[in-house]
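The structure follows.
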Amino acid sequence: MEPVLLSSLQEEGEGEPAAAAGEDSSAFSAAAVPPRPATHHSLHKYAPLDWSAYFDEERRVAIPDTDDVFNVYTAGSEGPVVFCLHGGGYSGLSFALAASHMKDKARVVAMDLRGHGKSTTSNDLDLSIETLTNDVIAVIRTMYGASPPAIILVGHSMGGSVAVHVAARKEIRNLHGLVVIDVVEGTAMASLVHMQKILSNRAQHFPSIEKAIEWSVKGGPLRNIESARVSIPSTLKYDESRECYTYRTPLEQTEKYWKGWYEGLSDKFLSCPVQKILLLAGTDRLDRALTIGQMQGKFQMVVVRHTGHAIQEDVPEEFASHILNFISRNKIGPNGVEIPGLIKKWGH
């Protein structure tokens, strides 16, 4: 939901599909094939990619005694659970590329939050921080019962706020880590007055999914074409009356909840009783509470260079390495914290 500097976008020729280079080398090449129309390259370059190349499974998690069904993507079968929460207007597929880099060493779970992606609820417009927090706790409980494996909560932007609120509630057993991506209370609160303008300045309607993907990397929030090809389709819906694609999540209609996402977030983050890391896309984003907290060593901060707001999409490999290093450094194992002296004795 933040504007992107167009000068730093990765442009033509980057992120080409691997197959493109050699696709004319078959027996039916060159002379036999009529020349392609000029638009083919663009359409091929921005064609949607399926989630299944990155995640292992897509699950519907129905919350007992409600009409709410949350769509969840999972990858990996060993290690602690890296539970990912996307930002406003994104979807669980925002973490697709990162998941493919983490799934050998951790179990990655990325849910579509209420009103996003393929999740369906009794009130898709209720994006209050209390409701979103309750949703995440309900999904974790439904998936893992009373004895979840070790969990690291990861949240981007609005999802970062949700992750902090979930951790602060202290209701998730075996929660060992909190990773917040590019959201700081001071900056977020200051930018809320501009948010409606930012939303209205977005391209609103697209003749095709390919055009939406192209816009997302040329004028929108993303810089990684491959990630956009996976994640953008899940953020769209088809408008029959206008015969075009538009956004699945009408963020402009949720303004009354925005302040609640970010108010008091820094103090809440600092008070969470787990290991914490804050990943930022710029250096000037710490507010006073976080600056003091960092000086006191209450959390680790990493500034990720050459990226936009969606760090996990723009530089997924680097993002994944930060998460895996965090797990390793804090010795977070599938059953909780591993104590080096006891590992051999217990045969872990």
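Just so you know, glycine gets a Cβ as well, placed from its N, Cα and C.
Any TrEMBL annotation is an automated prediction that lacks curation.
So TrEMBL says this about it:
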{"type": "ACT_SITE", "residues": "S157", "note": "active site"}
{"type": "ACT_SITE", "residues": "D182", "note": "active site"}
{"type": "ACT_SITE", "residues": "H309", "note": "active site"}
{"type": "COMPBIAS", "residues": "16-27", "note": "compositional bias 'Low complexity'"}
{"type": "DOMAIN", "residues": "82-320", "note": "domain 'AB hydrolase-1'"}
{"type": "REGION", "residues": "1-27", "note": "region 'Disordered'"}
Mind giving me a neighbour count for S157 (active site)? Other Cβ atoms within 10 Å of its Cβ, every protein chain shown.
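For S157 (active site), the count of other Cβ atoms within 10 Å is 27.
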Suppose you look only at the domain 'AB hydrolase-1' (82-320); what would the mean pLDDT be?
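Mean pLDDT for the domain 'AB hydrolase-1' (82-320): 96.
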So if I draw a 10 Å sphere around the Cβ of D182 (active site), how many other Cβ atoms end up inside it?
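Around the Cβ of D182 (active site), 24 other Cβ atoms lie within 10 Å.
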Using C-alpha atoms only, work out the spacing between H309 (active site) and D182 (active site) and round it to an integer in Å.
6
How many whole Å apart are the CA atoms of D182 (active site) and S157 (active site)?
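On Cα coordinates alone, these residues lie 6 Å apart.
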